[in-house]
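Here the structure is laid out as structure tokens; the discussion comes afterwards.
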Amino acid sequence: MALETTLILFKPDAVSKSLVGTVLARFETEGFKIRGLKMMALSDEILAEHYSHIADKPFFPDVRSFMQETPVIALALEGEGVIGKVRDLLGPTDSKEAAPGTIRGDFGDKEGDAKMRNVCHASDGPEAAAAELKRFFNDGEVF
Ligand code: ADP
């Protein structure tokens, strides 16, 4: 399995519910290594780029507002097959459909906003990971 680096965002629900340490511990327990970590407020511009694949959806303005409720925490995480493994650890987009034991199943919203308030973003493939690491980290910020 290839050594990869993925881009994770701890979303505002994770930050406001003080779940960042708990979720980060799950990643470290899997043996993945932190290569970059920073808190940042997301502009309309970076969100339009990051979520260009859902920009025409009726729920996009709600997603943008949600992602601006608090600063997020961006994480560059390295490991063997980390991109797919982290997606598995997260579970599906809709937290209500996510199994217990997954991050979204355990910590995502189970009420009205279950599809939106789902704790973390994680890159969905090698191309996305490369683009997203460049989007959220400047040169010299990934070690
Ligand atoms: P994922 O983050 O699981 O890869 P997508 O890329 O499809 O999911 O969507 C990006 C983000 O937009 C989701 O993580 C979620 O926060 C939000 N989202 C997706 N679908 C919906 C929806 N139907 N209603 C509200 N928010 C949604």
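In case you wondered, yes, glycine gets a Cβ from its N, Cα and C as well.
In sequence order, Leu7, Ile8, Leu9, Lys11, His50 are the residues near His121 (active site, pros-phosphohistidine intermediate), counting only same-chain partners six or more apart with C-beta under 8 A. Secondary structure at His121 (active site, pros-phosphohistidine intermediate), taken from DSSP and collapsed to helix, strand or coil, is strand. Positions annotated as active site, pros-phosphohistidine intermediate by TrEMBL: His121.
Annotated ATP binding site per TrEMBL: Lys11, Phe59, Arg87, Thr93, Arg104, Asn118, in sequence order.
Sequence annotations record features per position, and here TrEMBL assigns domain 'Nucleoside diphosphate kinase-like' to 3-143. Break the domain 'Nucleoside diphosphate kinase-like' (3-143) down by DSSP state and the numbers are 61 helix, 30 strand, 50 coil.
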>> Just to verify: the residue among Thr93, Asn118 with the fewest other Cβ atoms within 10 Å, which of the binding-site residues is it?
In response: Thr93
>> Give me the count of other Cβ atoms within 10 A of the Cβ belonging to Arg87 (ATP binding site).
In response: 15
> Out of Lys11, Arg87, Arg104, which binding-site residues lie by ligand 1, with a C-beta less than 6 Å from some atom of it?
Replying inline: none
